[in-house]
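The structure under discussion appears below in the form of C-alpha cells.
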C-alpha cells in the first residue's frame, strides 16, 4: 500500500506541474500585448496578486519556517520569476500613469515581504509559531490571487464578452486549486487547504462565465471586425474621391493657361 507521504509527494509533484502551467498560461496574452504594443484593457491585478502570493509561499516553505515543504518552495520560486517577467512586459507596454501605479504596487510588495521575513525570523522562535504567522498571511494572499480576476469577471458580465478573460488561465486556476486542496488534505495543512479550496470555487465561477458568454463574444468580435472593415472602405473611398476632385479641378486650369 502507498504511504501517505508518498501519495502527498506524488500529488505535490502534479501540483507543481499544474501550477507551472497556471503561471505560463498568460503567455498568449503577453504575446498579443507584445505584437500590438499595448496592454489594451488587460488588468495587471492578477499578476501583481500572483507575485506577492508566490513570495509569501516561498517564505512559508523555507526550512526555518515550515520544514519538509520543498515542493511548495520550488513551484512558488519559479512562479515568482515568471511573474516578474510578466510585470516587466506590462510596464514596458503601459501608458505612463498605469506604469507608475504598477511600479508603486511592486515596491510596496517588496517592502512588505522583506519586513515580514525579518520580523518572523527574528521575533518568532519556533517552527509552529512561524508556520502559523506566515501561514495566515499566505492564506490571505492566496485567496487574493484566486479572487483577483473578479475585476475581469465584472468586465465580462458588463460587456457580455470573455475576450479579456483568458480561458487557459481560468482552467489552470481551477485545476491548481483542486490539486493543492488534495495535497493539503492527505497530511492536513489548514492554510493550504482553505485557500486552495476557495480558489477552486473562484476558478469554477470563471469557467461558468466563459461557457455563458463564449458565443456572445464571438458575435461581438465578428461585428467589430465588420465595422472596422466598413470604416477602412469608407476611408479608401473618401481618399479616391479627393484624388478625383483634384484631378478634375486642375484640368480646366491647364486648358486656360494654354489658351
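The backbone N, Cα and C atoms fix where each Cβ goes, glycine too.
Caution: TrEMBL annotation is automatic and unverified by curators.
These features come from TrEMBL:
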| type | residues | note |
| --- | --- | --- |
| TRANSMEM | 6-24 | transmembrane segment |
| TRANSMEM | 45-65 | transmembrane segment |
| TRANSMEM | 71-93 | transmembrane segment |
| TRANSMEM | 100-125 | transmembrane segment |
| TRANSMEM | 131-152 | transmembrane segment |
| TRANSMEM | 164-186 | transmembrane segment |
| TRANSMEM | 192-214 | transmembrane segment |
| REGION | 237-259 | region 'Disordered' |
- Task: Might you confirm whether the transmembrane segment (192-214) is in contact with the transmembrane segment (45-65), defined here as three or more C-beta pairs under 8 A between residues 6 or more apart in sequence?
- Result: no
- Any chance you could find the range in 6-24, 71-93, 192-214 with the most Cβ pairs under 8 Å to the transmembrane segment (164-186)? 192-214
